[in-house]
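Annotated in TrEMBL:
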type: SIGNAL; residues: 1-22; note: signal peptide
type: DOMAIN; residues: 38-351; note: domain 'Glycoside hydrolase 35 catalytic'
type: ACT_SITE; residues: GLU185; note: active site, proton donor
type: ACT_SITE; residues: GLU265; note: active site, nucleophile
type: DOMAIN; residues: 398-509; note: domain 'Beta-galactosidase 1-like first all-beta'
type: DOMAIN; residues: 535-594; note: domain 'Beta-galactosidase galactose-binding'
Amino acid sequence: PSRMGLPALALLLAAGLLNTQASPPARSFQLDFEEDCFRKDGAPFRYISGSIHYARVPRPAWRDRLLKMYMSGLSTVQVYVPWNYHEPLPGVYDFAGDRDVEAFLDLTAELGLLVILRPGPYICAEWEMGGLPAWLLWKPDIVLRSSDPAYLAAVDSWLHVLLPKIKPRLYQHGGNIISVQVENEYGSYYACDYEYLRHLLGSFRALLGSEVLLFTTDGSQVEELRCGTLQGLYATVDFGPGSNVTEAFGAQRRVEPKGPLVNSEYYTGWLDYWGEAHASTSAGRVARGLEDMLQLGANVNMQPLSPLPWPGADFKDQYKPVTTSYDYDAPLSEAGDPTEKLFAIRTVISKFQPLPVGPMPPATPKYAYGWVALQKYADLLDVLDVLCPSGPIQSQFPLTFEAIKQAHGFVVYHTRLPRDVLDPATLGAPPHGVCDRGYVMLQQEYQGTLERDGQTTLRVTGRAGDTLDVLLENMGRISFGANISDFKGLLGNLSLDSSPLSNWLIYPLAIDTAIQQGWPHAALPKSSRGGRAGPAFYTGTFETPGITWDTFVKFPGWSKGQLWINGFNLGRYWPRRGPQQTLFVPGSVLHAGRPNNITVLELEGAPLNPFLLFLDRPLFNRTLSRSTAVTK
């Protein structure tokens with residue numbers, strides 16, 4: 001510099017070509033243990049974030065949902081990556097269409113949002129088996145979420161596919177991902193295996209580099225934080241509006257005496273279980289809790305900010321399957337509409353930082369397409385040739401879904417009565433032997449349903465050689481709680497007056513595949529028996545008046561089953577159990593100008609006049625047990 005004139009030196013300094021102490025560091029996102037905050041590019045930084053599940057939002061609606069989050073004043077979104085959504089079979093990966101996580105992340109960057117990534121391998125999120133693929137259970141003695149070598153090998157091969165897609169999108173590398181969570185609420189799992197967490201830490205560091213901020217999330221109980229945290233991973237907590245904010249952050253301070261305060265999952269609502277009242281949390285409570293945290297200088301992620309069907313189940317003294325709708329009483333409804341709660345949150349955020357300029361995007365248009373008549377197409381037992389083209393598996397005794405490599409959906413177990421049963425005999429399963437519901441047909445006549453943690457016996461009569469068929473349904477694998485090795489199907493022998501039945505033919509059904517390929521609409525008409533009871537397919541079509549707006553479908557008089565429109569699986573209906581009375585139909589699955597094909601699989605009994613009713617709003621809150629909303 002001694003030979004250089006001062007003006008030239010000034011120009012170099014202005015251009016940042018001389019690296020002096022004063023220049024800010026290159027792109028960085030770090031912990032500051034002195035000032036108890038995050039630092040982004042060297043400056044103190046606090047995030048206010050919301051969770052969004054790209055896997056639960058149809059791809060055409062991604063931009064709309066993200067824009068609404070941005071306009072709410074959020075700087076950051078938290079994104080889960082469900083492993084089983086992307087690796088349906090070992091070594092078979094799917095990142096196309098709705099599953100294109102890279103396109104989703106690119107969209108967040110385009111809209112100016114930062115990302116907190118939660119790649120698991122376990123994510124909970126009330127998602128089937130917490131995001132772990134069901135094929136892990138093909139090895140029956142595997143210990144999930146532990147240092148079991150079989151489990152770690154599967155995890156590592158997945159991380160080697162996923163994390164290289166993530167690395168170039170890290171903040172340090174010019175992307176927008178500021179931090180990455182390792183595992184999820186591991187302290188709530190019985191295994192408490194530090195070797196497992198250490199292994200994950202090593203894999204994440206090897207694949208993402210040494211600079212990215214890695215963290216854990218746990219509840220605020222001492223035991224949860226003891227088993228869920230590890231040196232080298234920044235420990236954060238999660239809690240909801242009912243909690244004492246000071247106490248909950250006090251729990252984080254016991255494991256992280258210095259550094260930013262973080263609530264990684266501030267629950268803005270709660271999920272619904274079938275047969276229980278619709279959960280709701282008031283906007284006022286949510287807003288007050290948020291304001292209390294922000295006043296402490298804390299970083300907050302709201303869970304979820306925006307709510308398709310991969311519901312799991314919880315185990316709280318009994319099996320509790322989660323409803324299809326992930327509405328969760330969230331600030332953005334399942335249809336992506338801003339709610340009173342969203343505006344209350346936005347008002348709180350505005351007290352702490354400026355909001356983006358411009359209007360909140362409006363609710364998406366909805367349309368009530370009205371009544372649509374359906375016709376019975378066929379009883380399920382009459383179309384096994386289509387649904388199980390490879391034919392049945394023969395077995396002396398029943399095999400689980402996992403033993404026959406069936407991940408989801410339905411399996412038929414077929415045998416014959418070994419003797420005349422003239423006086424009613426008890427057809428029964430051992431406790432916990434039916435996972436999760438079994439629809440029983442004798443001579444193709446529906447007899448009733450066997451249910452996990454419910455009715456496990458039926459009284460039957462018949463003749464030697466009469467056919468006995470049991471259609472088994474997987475209602476979702478446990479996603480949270482002590483034991484997530486949740487095997488499906490008939491887990492023990494069915495018996496007749498306590499003598500075991502044998503010689504089974506087992507049909508794994510590929511219903512989704514058949515319907516995606518145009519069945520039954522493209523197939524020849526079947527002559528079906530007239531009865532309304534038992535598992536059967538119903539079909540119908542409707543045309544839209546030249547629009548494809550979102551809608552909600554109601555099932556008047558139907559019992560329980562599944563709905564597809566234009567080959568797209570829209571989830572389960574179960575109006576008798578409730579609380580969910582309608583299924584959300586995103587406009588993106590509908591056609592304008594040609595018929596929309598409806599397929600319904602009704603499992604127990606269709607109404608005399610089988611109609612569906614398309615509405616312009618959702619219905620919740622009718623349950624068998626009670627009809628008042630509960631506040632969690």
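Glycine is no exception: its Cβ is also placed from the backbone N, Cα and C atoms.
Given the structure is predicted, the values throughout are model-derived calculations rather than measurements.
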Inside 10 Å of the Cβ of GLU265 (active site, nucleophile), count up the other Cβ atoms and send me the figure. 25
Cα-Cα distance linking GLU265 (active site, nucleophile) and GLU185 (active site, proton donor), given in Å to the nearest integer: 10
On the domain 'Beta-galactosidase 1-like first all-beta' (398-509), the mean of the pLDDT values is 90
Students should find that the Cβ of GLU185 (active site, proton donor) has, within 10 Å, a number of other Cβ atoms equal to 21
DSSP-assigned states of the domain 'Beta-galactosidase galactose-binding' (535-594) in counts, ordered helix, strand, coil: 3 helix, 27 strand, 30 coil
Tally of helix, strand and coil residues over the domain 'Beta-galactosidase 1-like first all-beta' (398-509) according to DSSP? 0 helix, 58 strand, 54 coil
